[in-house]
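Everything on this sheet refers to the single structure shown next.
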Amino acid sequence: MLRVVSWNINGIRSPLQGLTCQEPSSGPTALRRILDKLNADIVCLQETKVTRDALTEPLAVVEGYNSYFSFSRSRSGYSGVATFCKDSATPVAAEEGLSGVFATLNGDVGCYGNTDEFTQEELRVLDSEGRALLTQHKIRTLEGKEKTLTLINVYCPHVDPGKPERLTFKMRFYRLLQIRAEALLAAGSHVIILGDLNTAHRPIDHCDAGSLECFEEDPGRKWMDDLLSNPGMEAGSHTGLFMDSYRYFHPKQERAFTCWSVVSGARPLNYGTRIDYVLGDRTLVVDTFQSSFLLPEVMGSDHCPVGAVLNVSCVPAKQCPALCTRFLPEFAGTQLKILRFLVPLEQEPVRVQPVLQPSHQIQVQKHPSKARMHSTRPRKSQGGSRRNQKNLMSYFQPSSNLPQPAPVVELPSVPLVGTLTIPETPEEVTVATVVEEKAKVSEAKDEKELRTSFWKSMLSGPSPMPLCGGHKEPCVMRTVKKAGPNLGRHFYMCARPRGPPSDPSSRCNFFLWSRPS
């Protein structure tokens, strides 16, 4: 049996994904535990978000597996795919990209088809985001026949509504993918396309297809209609060269989703889409596929793994293709690192004769790695070194050439004419003292109350959240991130996860703008 699994991992360096059992994910064996739990001969990962310079050895070289990476050349920490094959499923060839512009002619897959409709620059741009990786394997059927199987691990582009030009990029990528897959099929190889295609094919694959305008007219869905053969289609209608393996085994399965919105918290109520696929050529799916499955219980990403089991065995190659990461200079031990030049070399210890040295001679420190020279002569005091140095304050003293101000003569104080001194009685003095003390106490009390009210206003915290209309529960505050007049504004909405409108436990439609503070 050959088991293949595909997973959009949403960043291979993020705490290496928490699977069903929460185990520590640190250390070089973390990725090995993930691969072992997926229990597949070939694991295809999408959206690795790692570039060549950030790839570490624990991620690149995993015991028991040989791995192959395709990196984004246009942006750092973006896109990227990787394929991990057990040593028992070592491929005979591996290649990065769909067009062949990054082919090295050493262990490549080949069979590119007719790409005359693309310019050379367009092919380079389509493959520069690290979205496709091919591995070719030798398989043996139950009848003992050896055949060739090519796996195309793809992460197809997503179309941002604010960037309509990405739709053109996506459709050109789809076209190039189809040309390459059909060329491999025509050359005699079985083909599996697996990964994140970023399109929900049928309404049954989308949680809210009815609310989308012209669902069936989407260009991505039309492309999938042309690529795929529907088992339930009538004779004489168009049949594509490939089949959706999950729908072949589960044609009527509803709410079989593989991706959920993290922002709306839609996963607990299973309100998502199915955009991850294992597609195979018709003959392969009908004759050798035993099952096709989803793994929604596997956490750690906004996608869940998908996979299939084939009634074939893999014939491993004797040597890994040149694209294997273990052959990269930084992991093969052939590249010198800068640390190699900073390692302290061992030195013979300096022997110090046990005799007294005159005070004018220099003693060598005994520590060999810190061969510093110290003089035994007494140092001059800091004061001696400043014999002829003026103090900075001396430049701010008044000059003797300037006229000095006349000395101040204190005159005897003379009482003002007309002022009268009225003697006070002891009772009046007591009353004045009491009044003065009460005034001071009142002033201190007012000052304390003023200070208290100030800090209460500063540290009062946010105002309480309003209650949503549907459940009478505290709302959550969100911020508008879409460009427009409301960019940056805050609003309140129901805190429950998004789900079907008919489900009372899902989010209600409460909405309220936050008042500016």
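The backbone N, Cα and C atoms fix where each Cβ goes, and this holds for glycine too.
Annotation comment: TrEMBL describes Tyr155 as active site. Sequence annotations record features per position, and here TrEMBL assigns active site, proton donor/acceptor to Asp196. The active site, proton acceptor annotation in TrEMBL covers His303. What TrEMBL lists as Mg(2+) binding site is Asn8, Glu47, Asp196, Asn198, Asp302, His303. Sequence annotations record features per position, and here TrEMBL assigns compositional bias 'Polar residues' to 357-366. The compositional bias 'Basic residues' annotation in TrEMBL covers 367-380. Marked as domain 'GRF-type' by TrEMBL: 468-517. The annotation region 'Disordered' is assigned in TrEMBL to 357-388. Residues annotated as site 'Transition state stabilizer' in TrEMBL: Asn198. Residues annotated as site 'Important for catalytic activity' in TrEMBL: Asp276. Here TrEMBL flags His303 as site 'Interaction with DNA substrate'.
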List the residues in the vicinity of the Mg(2+) site, defined as same-chain residues other than Asn8, Glu47, Asp196, Asn198, Asp302, His303 with C-beta within 8 angstroms of the site's C-beta centre.
Asn10, Gln46, Tyr155, Cys259, Ile275, Asp276, Ser301
Spatially, and counting Cα to Cα, which of the recorded positions is closest to Glu47 (Mg(2+) binding site)? Options: Tyr155, Asp196, Asp276, His303.
Tyr155
I'm trying to understand the geometry here, so how far is the Cα atom of Asp196 (active site, proton donor/acceptor) from the Cα atom of the residue listed as 'active site, proton acceptor', in Å to the nearest whole number?
9
Per DSSP, what is the helix/strand/coil residue tally across the domain 'GRF-type' (468-517)?
0 helix, 12 strand, 38 coil
The one of Asn8, Asn198 whose CB sees the fewest other CB atoms within 10 Å, among these binding-site residues:
Asn198
Tyr155 (active site) to Asn198 (Mg(2+) binding site): how many Å between their Cα atoms?
8
I'd like the Cβ neighbour count for Asp276 (site 'Important for catalytic activity'), meaning other Cβ atoms within 10 Å of its Cβ, all protein chains included.
24
Distance between Asn8 (Mg(2+) binding site) and His303 (active site, proton acceptor) at the Cα atoms, whole Å?
6
Taking each of the recorded positions Glu47, Tyr155, Asp302 in turn and counting other Cβ atoms within 10 Å of its Cβ, which one has the fewest?
Asp302
Nearest-integer angstrom distance between the alpha carbons (Cα) of Asp302 (Mg(2+) binding site) and Asp276 (site 'Important for catalytic activity'):
12
In whole Å, note down how far the CA of Asn198 (Mg(2+) binding site) lies from the CA of His303 (active site, proton acceptor).
11
